[in-house]
Ligand code: HDD
Ligand code: HEM
Ligand code: HEM
């Protein structure tokens, strides 16, 4: 039977649109900070390599940002169109958080973006730098609020239910709910990591084609430092995140581990691979390491933690999906670690820019950050099921009263449109990447929008005129 | 405590929506005017006048959604599920248009005309859907047990289609007068000429909506035509007429900035008329702003931020407009 109910369709629609959305914000968050660093380095060291890189990446940033904005717009409305009972029930908490996000983050990003992208000849260098920094800060504030909202739905606290709806009683508890710090750290680091992998892949790709310009080398080098430092931190944070989840959402951890039942007095093995079978209530074809899961999650070789059988069948998340999405994320995380160390080794041997196997590996790892992020979110969100607000509201009670027909029609619109618009946009981004940074490119020649929207002042003939006048 | 939170929030929301209509209105208007301008470099100029600010303009729409969810969750749920299809259409239009902003500069020569079309079509669809939503809103929604109880297509009425058309005209006028202010030469002359018939059409549309609404809704008529309300409201139609005449005159007088400001005034007047017709309902015809309000703890928390932060937002938005002040010249520096 392949009969999707209105609930299934609403979930598919939300999952589809948010999965597309998250691709862009992660790159926006990472690139905005990268651009701020590049501009800072340029102002400080006055090395034109940094300016070339800034101009190069800011064009890609512009395309990515536009797609982030329009796909985000859909998300802000979908809570009402698809999950109207959820909005009536929990709007008193998610609404103010989203409002703060708009007020403190979206306006900040949008307000300074114009100056950042088009203001080169309109404001002085330090004001321009200020605009870039504001955009970067805006993206991080945005992540903070939306993750507070999502984390509250995962581990809700600080509220009462009065007259059938959520009433906040302690805003600090609502915002600083138990999973928020972990999720904020893990997701922000993921954004930096994903961007570093993307930037590094761009550098490696150009090096493989023999374009070893200073800008391309700088790009690869900066990315490799970032990955080296951040990948291990991400794994440590992920581990702590998991321990926290065990405390607050044990069913999710059981699903991630494919762990069904405890044997008396025995530690839980770490299942490397297997196929959790929801109907049979067991994990098939397992390859496992005895007692390792106990050690990781309880720090005791004989420790036990709840298995899926400890929860009524209707309260179990889909372990088949969660088990595998979790392994995709962790597997990619380990590959990133490997990449970071390999880069360090080659740097030490002074072959970072020449080792073709390494450069191919780096190129292939380009999308791995984005894939790991999607896998991570699938783990988190599917693992939360069947709750939309953990322990307080079930997903089936959240959905609007639309017919399956209406939802199928709109889903079709979204799929076709996202594939064509965002597919094309990603294509344009990759084409810009393939062009590569241009050396000594003056701002006035930016291939961006043809021109800074209006050049009220005559453009400097000498490209170096726009160099900062600091000395 | 004496602070009427729902009332304060209604002010904030009305202000936010007004900001949206004005600001995204002129950049949607530019897309609406695309079919009337064939020359590619002139089209580039039109887009360049808003390129640095359009994202901020659209953010007011996001604020509208978020603040509605924060302050009136019931309204958010009912409106958004009742207007499901027009809103999906609006989002689709905004996606095509927003993407086209960037893509039409990045695409290969061969694809550029396609993205120009996407830009225009997206603007038309987004505006028309917003207008339909407005019409449906005036018509009211069926609410039962705290949820929308009407059908999927209830928004599809002759009145809704007419308000859709009306909003297209309004945004076109905003776009045209914006371009009169921001451009010069042949493009500016074209816009000046175009703005006149559009202004007259808008006056017609406002008149028809103002007559149609009380005609179709007895309770609105009662509000307008009872004393003393009638005496207070009577100046609104007069002012609309006077503003339109002045607008037409300034267009003829080669003034650059006045037509845009007068268009803003015109829309503001239309907007007040709308508020008068609906007050104090937030889900017409029967749910008032007090019935739909969020818990006081939610409204208060969000309001504190809104009142403190919106002035800052306005300040740096104004700064950004100031940075990009002055005329945008056609073809200048274009490679
Ligand atoms: C980790 C960060 C993160 C996450 C989980 C989400 N977003 Fe997002 N969002 C951003 C980070 C971000 C951003 C970095 O701030 C964006 C991306 C590109 C941009 O322009 O801003 C953005 C844009 C963006 C916009 C357009 C803002 C504008 O007009 O400038 C809206 C309305 C939303 N988002 C709403 C949502 C909703 C309702 C989400 C939940 C389902 C969501 N986002 C998940
Ligand atoms: C941005 C990264 C995110 C991704 C990739 C993601 C992914 C998903 C997926 C795949 C589902 C469907 C799960 C299922 O039905 O089995 C879902 C559901 C949902 N998510 Fe997320 N999510 C993200 C962020 C968020 C955030 C930040 C929020 C809230 C602020 C949120 C709120 C919801 C809601 C309301 C649902 C619908 C109810 C449900 O089906 O669980 N999500 N998400
Ligand atoms: C390799 C070690 C890693 C471990 C042990 C780990 C652990 C976890 C856990 C336990 C969760 C689920 C938390 C919950 O739902 O309660 C999670 C979610 C997530 N992971 Fe990882 N992770 C690792 C690597 C990565 C990498 C490399 C990335 C991306 C570059 C990533 C991105 C995410 C994202 C975006 C989420 C969803 C948001 C969240 O709940 O924080 N993770 N991770």
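Any Cβ shown, glycine's included, is placed from N, Cα and C.
Per TrEMBL, transmembrane segment is recorded for B:6-37, B:58-76, B:82-99, B:119-139, B:159-181, B:193-215, B:227-248, B:260-279, B:299-319.
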Recorded stretch, among B:58-76, B:119-139, B:159-181, B:227-248, B:299-319, maximising Cβ pairs under 8 Å relative to the transmembrane segment (B:260-279): B:227-248
Distal contacts, the transmembrane segment (B:58-76) - CB-CB under 8 A, six or more residues away: 5-6, 9, 12-13, 16-17, 19-20, 23-24, 94, 98, 146, 282-283, 287, 289, 291-294, 298-299, 302-303, 306
Contact between the transmembrane segment (B:159-181) and the transmembrane segment (B:6-37) (at least 3 Cβ pairs under 8 Å, separation 6+): yes
Stretch with greatest number of CB pairs under 8 Å, the transmembrane segment (B:119-139) reference, B:6-37, B:82-99, B:193-215, B:227-248, B:299-319 candidates: B:82-99
Among B:6-37, B:82-99, B:227-248, B:299-319, stretch most in contact with the transmembrane segment (B:193-215) (C-beta, under 8 angstroms): B:227-248
